[in-house]
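Listed features, source TrEMBL:
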DOMAIN    26-316  domain 'G-protein coupled receptors family 2 profile 2'
TRANSMEM  27-49  transmembrane segment
DOMAIN    40-312  domain 'G-protein coupled receptors family 1 profile'
TRANSMEM  70-89  transmembrane segment
TRANSMEM  123-145  transmembrane segment
TRANSMEM  157-180  transmembrane segment
TRANSMEM  200-226  transmembrane segment
TRANSMEM  247-272  transmembrane segment
TRANSMEM  292-318  transmembrane segment
Amino acid sequence: MASPRLETFCCPNRDAATDFIVNFQPVFFGAICIGSASVSLLFSILQILPKRRGYRRLGQYPLPKPASSSRILFIISICDILGCVGIIVRSSVWLGLPSLVGDISTANTSEVWPEVFCVGSAMWIQLFFSASFWWMFCYAVDVFLVVKRSAGISTIVLYHMITWGLAVLLCVEGVAMLYYPSISSCENGLQHAIPHYVTTYTPLLLVLLVNPILFTRTVSAVTSLLKGRQGIYTENERRLGTEIKIRFFKILLVFFICWLPNLINESLLFYLEMQTDIKASELKNIRNVALITWFIMGILNPMQAFLNTLAFHGWTGLDVDLSLQPRRELAWDSASTSLVTAGGYNTMVASTLLYQSHVQEGKKLTGNGHHQPSDAVSVLSEGNDPKRVYIVTLTYYFNMSEKQTAARKEGAKIIR
């Protein structure tokens with residue numbers, strides 16, 4: 001799991017609350033972390049691997065590049081997976097080499113490798129989970145800008161600079177303040193550790209507080225987009241708006257479930273640190289709640305990797321395609337074959353737009369004079385169920401000229 005207490009534990013003169021929480025049933029806690037991280041790692045990789053079922057090869061047609069939101073979701077999954085790898089390695093070493101933990105607790109030891117491993121593994125976990133938080137924030141910003149027609153594929157470079165720059169800067173700064181003047185002789189007291197906790201929880205609180213606001217404004221903007229020029233908000237548009245709300249709700253729900261225990265646990269431990277005797281009988285209930293939330297963190301923090309993939313893409317199945325042959329595939333739905341080109345709807349446009357459920361707006365199709373639909377709505381939905389084609393038809397319809405409106409309505413009716 002990811003907690004700034006693990007970096008604090010690397011100090012031989014750690015505070016009493018950190019020593020109490022980390023040394024409580026360390027073997028059982030390490031086993032829980034390994035089990036949860038291993039399950040999350042396995043299923044997360046299965047989720048993002050290419051699948052055979054539900055895809056159709058269309059190599060002769062050029063496919064558009066996925067939008068920046070699609071890349072952000074993939075990067076979030078990679079950060080979560082690397083965080084799980086760090087949890088597995090650290091917990092495995094702590095279980096296999098208990099003497100290593102004992103050397104960390106010795107103030108005047110000449111061994112430096114125990115402290116190096118303790119600090120290195122803790123920073124690895126903090127860095128990638130912190131980067132995941134920053135990317136989650138960038139995702140909320142990106143989908144909002146896409147709806148406002150202010151984002152493009154070039155913004156991904158800016159997102160990389162922001163996320164990795166802030167993640168590295170805050171991680172290094174917090175650790176440097178925590179281990180001043182050296183790891184073997186950290187300063188006593190709570191004050192010197194506060195900057196480390198602030199740098200750790202800043203991106204987490206940013207996602208918890210700001211992302212719901214951005215998602216709400218995005219949904220409102222999508223509602224206005226769906227009404228379009230006609231000012232009509234039919235049942236189909238309401239269904240699409242509800243689907244987008246559910247998608248954002250699932251993303252936020254996973255984040256709250258996985259990281260809210262961290263805030264509760266940290267608040268309780270800070271309260272214990274301010275007491276003269278944390279083992280006092282009147283603090284028994286607070287200690288018990290702190291221990292319960294600590295073990296919940298060991299389970300839920302690593303599970304974010306797998307739960308995020310479910311929130312992003314749904315269950316993608318186990319039919320993994322490990323073929324080394326380069327393939328350019330896209331999600332193919334049988335319902336798309338029911339579209340008739342006689343009504344003026346281009347089935348190849350609809351199929352191409354299903355590529356990773358994201359498209360770059362503003363690119364013209366050669367030869368037919370039509371525009372590809374904006375990704376302002378399709379970028380917000382995932383999955384390969386039959387509703388995908390209608391979503392693409394809807395976004396395509398709203399970008400057509402008034403002269404072609406009647407023909408596009410006929411194509412949408414066929415899907416319904």
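Glycine is treated like the rest: Cβ placed from N, Cα and C.
Unlike curated entries, TrEMBL annotations are predicted automatically.
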Under 8 Å Cβ-Cβ from the transmembrane segment (157-180), and at least six residues away from its ends along the same chain, one finds 4, 7-8, 10-11, 68, 72, 119, 123, 126-127, 130-131, 134-135, 138, 142, 186-187, 192-193, 195-200, 202-203
Per-residue pLDDT averaged over the domain 'G-protein coupled receptors family 2 profile 2' (26-316) comes to what?
-> 86
Residues of the parent chain within Cβ reach of the transmembrane segment (27-49), under 8 Å, 6 or more residues beyond its termini = 1, 74, 77, 80-81, 84-85, 87-88, 91-92, 94-95, 294-295, 298-310, 313, 315-316, 318, 320-322
